[in-house]
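So that you can see what the record holds, here are the features copied from TrEMBL:
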DOMAIN    A:50-335  domain 'Aminoacyl-transfer RNA synthetases class-II family profile'
BINDING   A:Glu101, A:Ala102, A:Thr103, A:Arg132, A:Gln146, A:Glu150, A:Arg278, A:Tyr282, A:Tyr283  L-histidine binding site
Amino acid sequence: MFKNIKKNKDKKFHDINRKRRGFKRIRGMKDILFDEYRYWDLVVNKAGNLAKTYSFKQISTPLLENLELYKRSSGKSSDIVNKEMYSFIDKNGEKLAIRPEATPGMARAYIEHGMFNLPQPIKMFWLGPLLRHEKPQSGRLRQHTQFDLEIFGEASPVADFMLILIAFNFFRELQINVHIQINSIGCRECRKEYISRLLEFYRERGKRSKLCPDCKKRIIKNPLRLLDCKEEKCIELRAEAPQIVDFLCDECRNHFIKVLEYLDELDIPYNLNSFLVRGLDYYTKTVFEILPAEDDSSRQSSLGGGGRFDELVENLGGRPTPACGFGIGLERVILKIKEKNIPLKRDEENYVFIAQLGDQSRRKAIGLFEELRRGGINVRQSFTKDSLKAQLEEANRLGAKFTLILGQKEMIDGTILIRDMESGIQEVIDYKKIKNEIEKKLNGITNH
RNA sequence: GUGGCUAUCGUUCAAUGGUAGGACAGCGGGUUGUGGUCCCGCUAACGAGAGUUCAAUUCUCUCUGGCCACCCCA
């Protein structure tokens, strides 16, 4: 009889629970749980520290921007803006978008805050989530995190090179082997010349009909992207196509050569890839992409990419300002680290756990905890628990080296127990001497 | 957006046209002042909807989610 009542109660309870569990993550979004953060700490610290040693300063921009910002910068013909953007109309009628990439926001900030009045160049780094409505798969989420470096107000090819150098160092120091794909797509002027030659080439008899449907559209919308197509027939066709490097104006050519010379000087492995054009409209001159060195070819394996965008700031209403930048996808970096089993540093902390029994000793233990903590000792506790058993379990889980036990008996005697968690040996210590004693023991460990 | 595979406790892996079992984790006990080993117990799951059937977790379909690939991108 009672059993039945209990069962019914339980059932109701579980129904409620099931409803609660019904909420699930939105597609393409991910929670980062405790253990995962070890990877994030590693990667984020590496990124920030590296950026700072090259004199980049961190900035942050809002998650929401005007929709128009992205249309004007990334380009209406790009997939990112065209079909992958999370955009909506705000309550006051404004058209907004959740940022699908970082650069436009930073360019906007550069203009809005009058950074052209500061000593140039402005070197900034940025770390944050981006949203794109794509179909999720390995190494691709709808929300992903990028580490971005941007240099505004610097035309020198050294700037392009420095970015690649930093990116390269980032990966090398994380023990990920990468190589660089690099190309130059020229400036407005030389690209105009090139595109007309490219179109001429594709208009020769019979060529257009061989192209894939996408490329037929590209001829009209964004001819440069013809070079980028992965369809076999299009790849065949483009082999004979004119190459943009042959059409660069003197300035663009010299700029590109300089970048390559610096790369050679520092032995950074790169491939010239005359078909690399990248999917955003704002690029000029140098474009590059970072791929894992062990070539698993076709997969969406790109770890980062970037280039120069000398016309972007002006297009957004600022002064003509040369600039360049790149972004690295941190989820993909972490995926690579896991794939290669690159060992993480374990925090080998010498924890001291404080356990207590009874209300009085709990109060005293809390005081002791604070005293030791301020004294620089790595203390842990579980003061919400009453039983010693539970507290020792917790100490064990944490990997504590020693547990201090303070109970009724010790309170009366003015003592405290030190338990060596490995051997299980316990000593009774005069409570007043506990701090010195535990320090001595910890030093004994670290000296080994 | 297109295609392939898939969906069972928190995790992982089973079985089954008559509503499910293990392992790990969790919790409780063996030990109300002693953890990590051991023993015992408990908790906990068939993604949603429709169809076939006396009966569906199992077969079929749809949806949704996941994984993977294409497009694209980081």
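Glycine is treated like the rest: Cβ placed from N, Cα and C.
Distribution of TrEMBL features across the structure.
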{"residue": "A:Glu101", "record": "L-histidine binding site", "Cβ neighbours (10 Å)": "21"}
{"residue": "A:Thr103", "record": "L-histidine binding site", "Cβ neighbours (10 Å)": "25"}
{"residue": "A:Gln146", "record": "L-histidine binding site", "Cβ neighbours (10 Å)": "21"}
{"residue": "A:Arg278", "record": "L-histidine binding site", "Cβ neighbours (10 Å)": "19"}
{"residue": "A:Tyr283", "record": "L-histidine binding site", "Cβ neighbours (10 Å)": "26"}
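In this structure the residues listed as binding L-histidine are A:Glu101, A:Ala102, A:Thr103, A:Arg132, A:Gln146, A:Glu150, A:Arg278, A:Tyr282, A:Tyr283; their two most distant Cα atoms lie 21 Å apart. A helical conformation is recorded for A:Thr103 (L-histidine binding site) in the three-state DSSP classification. Per-residue pLDDT, averaged along the domain 'Aminoacyl-transfer RNA synthetases class-II family profile' (A:50-335), amounts to 90 for this model. Secondary structure at A:Tyr283 (L-histidine binding site), as computed by DSSP, is coil. DSSP classifies A:Gln146 (L-histidine binding site) as strand under the three-state reduction.
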